[in-house]
Amino acid sequence: MSNSHEEPREEKAEIEHVDHPTDVVQDDAFYEGVPEPTLTLKVYLAMSAIVVLNFAQLFCLLGLNANGRFIAAIVGGADKTIWLGQSVATGTAVLSPIFAKASDLWGRRWILVIAMTFGAIGSIIISRCTSMNMAIVGSSIAGVSYGVQPLLFAVPAEIVPRKHRSAAIALANIAAGLGGICGILIGGALTEGGNADNIRIVSQRSTGLFAFAAITTFLTYHPPVRSSQIQGSITAKLRMMDWTGYTLFGIFLVLLNISLSWADNPYPWDSAHVLAPLCISIAFGLALIAQQVKFNRHDSMFDRRLFSTSRNAALGILLIWVDGLVFFVASSYLPQLLSVVYEPNEMLVSVRFSFLFLGSLPLMVLVGWYAGRFRDLRTPGAVGFIGFTIFGACLAAATVDQNDAIWGYTVFACLGQAGTLIAVFAAAQFGSPAELIADLTALLISMRSFGGSVGLGVCSAIFSSESGKKIGPSVAKRVLPLGFPVTSLGPFIGAVSSFHFDQLASIPGISPQIIQQGVLGFKEGFLQAQRGLWILMAALAFVAAVIFVFISNHKEEYSDSIDAPLAVREEEAVGAKTSA
C-alpha cells in the first residue's frame, strides 16, 4: 500500500450524471458552521430511521446475550455460547472503521440499508439453527449490521444543531434501551416454563425488525450527495481506505478472542491452543501500532487530525473501551447470576435484567437535558462510571441471601448506563474536526466493541478457571458431611448447572436435604466464581471515572451550527464557500 495520501481523481462522466447538482455538497468543510434556523421535517424523518435502527440492533443483541443458554439447550454447545456475543462484538469492532470511511466515500444511506439486510439474514439463520456452530454463523452474519453503529451516533450528531447534540445522542440511546428491554422481556416471556425452543421466535422477531429498519431508512433518510461520492473512481476510493490497518486490527482481535475464550475452557493457559493465538495476536497488535505511527495518513484508522485540537478524542477512546467492557460483561453475566442464584422463574429473570435498561431511560433524558442546559459533560460521565464502580463492587460482595438487595444494586448500573455513553460520544465529537465526525465515531464504536470483546474473553477465562476451583468444593462442603458419596458429586453438579433438576432423583445417595444443601453450595460457589470479573469491572470503572475529570467540556461548541445539514440552501452554501 502506498504510504502517501492519494486524492481521488475527478471523473467528469460521473459528475455529469448527477440529477440534482444543487443537492450536491461540494465540500464538507465549507458547510461547517452553516446555520439552519429550525429542525426540519427531513431531520425528524432521519432521526426516526436512527431510532428504528438502534431499537432493532439492541433487540437482537440482548436477545442473544440474555438467552444464549436456551439456544444451547436446543442444539447443544453450551461451552460455545460466549461466541454468540463475541461474534457481534468482533464484527462491530472490525467493521466500524471500514463502514464509516465507506459512508464518507459512497454515502451513508445505502451502507445502512445493506447492513440491516445482513442483520435480517443472520437472524433467519439463528432462528433455523440446528447446531451451535450454525447459530454462531448466523450471529456473525447479523454482526455485519452492527458495523454501522458509528453512523447511528454520527448521523444524529451531525444533522442537528450542536447545542442539541447531547439530546440527539440521548434519543439514540433511549431507542436502543427500549429495544434491549423488549428483546429481554419477549425472550423471557417466550421461554417461561422451560420452553427453550421458543427462543427461535425471538430471532424471527429480529428478522422482521431488521427488515423494517432497512425499509424505514430507505424511505426516510435522504441526505444530500457529498462531493466525495461523485468524485473519483471506485479504485481511487478503495485506495483511500486503510486496508492494512483494518486487516492487522481484525487478525489481532480475532486471535486474541480465540485465545481468551479457550483459556481454561477447555485448554489450560500454558497450552499451545491458548499461547499460540495469544502471541500471534500480540505480534499483529504491535504491527498495527507501528503501521499507524510510521505510515499515518489522512485516511488511516487513527488519523492524527482527530487528536490535533483536543485531548478529548484520545481520552474518549480509552473511556469508551472501559464502557464497552462494562456493558458486555454486565449484559452477559448479570442474567446468569440472576437465573442461577436468585430467580428460578425465567420471566422474572428477564424483568429484573430489563430494569438495567428501563431504569436508565429517564436518566438518559435527564443527562441529555443537563448536558445541553449547563454545557457540562464531565459530571454525568464521571458519575456514570462511579455508578458502574459501585455496581461491580456490590455484586462482588453479594451473598445468596441478598436477593432483594440486587434490585437496589442495579440502580447504580442504571446511572452508568445513562451517563457514560452520551458523555463520551458528545465530548469526543466536540473536541475533533467536524469533517471527521464519522471516522471518530467509528473509532469510538470500534474501541467500545474491542473492550467488550476483550472483556468477554477475559471474564470467560476468569469464570471458567474459578468455577472449576470454587463450585465443586463449595458443593462438597455442604453435602459430604451428610453422607453423600463423592462419586455422585460430578453428576449432581452437572445436573444443577444445566438446570436438569429432574435428573437429581436418579443420582445415588440423593435425598431432599442433600438437594437443598447441594443447591445452596452450588449457588455459593457460583457467586465466588463470578467475584473476580465483578472486581475487574469495578476497578476499571473507577479508573475511568478518574480519567473523566480531565475531559474538556468545550462549552464554546454549544451553538446553532450544524455540521452536515440535510437541506442546505444554495445561497447559504455559496456564501459559506466564498467566506471560506
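Glycine is no exception: its Cβ is also placed from the backbone N, Cα and C atoms.
Just so you know, TrEMBL annotations are computer predictions that nobody has curated.
The transmembrane segment annotation in TrEMBL covers 43-64 (among others).
Residues or ranges marked as domain 'Major facilitator superfamily (MFS) profile' by TrEMBL: 43-556. When averaged over the domain 'Major facilitator superfamily (MFS) profile' (43-556), pLDDT in the model lands at 87.
Annotated transmembrane segment per TrEMBL: 110-128 (among others), in sequence order.
Sequence-distant neighbours of the transmembrane segment (134-155) (same chain, 6+ residues past either end, Cβ-Cβ under 8 Å): 46, 50, 53-54, 57, 60-61, 64, 71, 75, 77, 80, 83-85, 87-92, 94-100, 103, 108, 111-112, 115-119, 121-128, 169, 172, 203, 206, 210, 221, 425, 437-438, 441-442, 444-446, 449. Under the heading transmembrane segment, TrEMBL lists 134-155 (among others).
For 167-190 (among others), the entry in TrEMBL reads transmembrane segment.
Long-range contacts of the transmembrane segment (202-222) within the same chain, counting only residues at least 6 positions beyond its ends with a Cβ under 8 Å from a Cβ of the stretch, are 42, 45-46, 48-49, 52-53, 55-56, 59-60, 63, 67, 108-109, 112-113, 116-117, 119-120, 123-124, 126-127, 138, 142, 145, 155, 179, 183, 186-187, 190, 566. Positions annotated as transmembrane segment by TrEMBL: 202-222 (among others).
Marked as transmembrane segment by TrEMBL: 243-262 (among others).
Residues or ranges marked as transmembrane segment in TrEMBL: 274-293 (among others).
The transmembrane segment annotation in TrEMBL covers 313-333 (among others).
What TrEMBL lists as transmembrane segment is 353-371 (among others). Same-chain residues lying 6 or more positions outside the transmembrane segment (353-371) and placing a CB less than 8 Å from one of its CB atoms are 62, 66, 166-167, 169-171, 173-174, 177-178, 180-181, 184-185, 330-331, 334-335, 338, 377, 379-380, 407, 410-411, 413-415, 417-419, 422-423, 426.
The feature transmembrane segment is assigned by TrEMBL to 383-400 (among others). Remote same-chain partners of the transmembrane segment (383-400), defined as residues 6 or more beyond its termini with a Cβ less than 8 Å from a stretch Cβ, comprise 319, 322-323, 326, 330, 334, 337, 341, 406, 409-410, 412-420, 423, 520, 523-524, 527, 530-531, 534-539, 541-542, 544-545, 548.
Annotated transmembrane segment per TrEMBL: 406-428 (among others), in sequence order.
Beyond its flanks by at least six residues, the transmembrane segment (532-551) meets 311-312, 315-316, 318-319, 322-323, 325-326, 329-330, 333, 377-378, 381-382, 385-386, 388-393, 395-396, 416, 420, 423, 427, 455, 458-459, 462-463, 466 of its own chain at Cβ-Cβ distances under 8 Å. Residues or ranges marked as transmembrane segment by TrEMBL: 532-551 (among others).
Of the Cβ pairs linking the transmembrane segment (406-428) with the transmembrane segment (43-64) and spaced 6 or more residues apart, fewer than 3 are under 8 Å, so the two regions do not touch.
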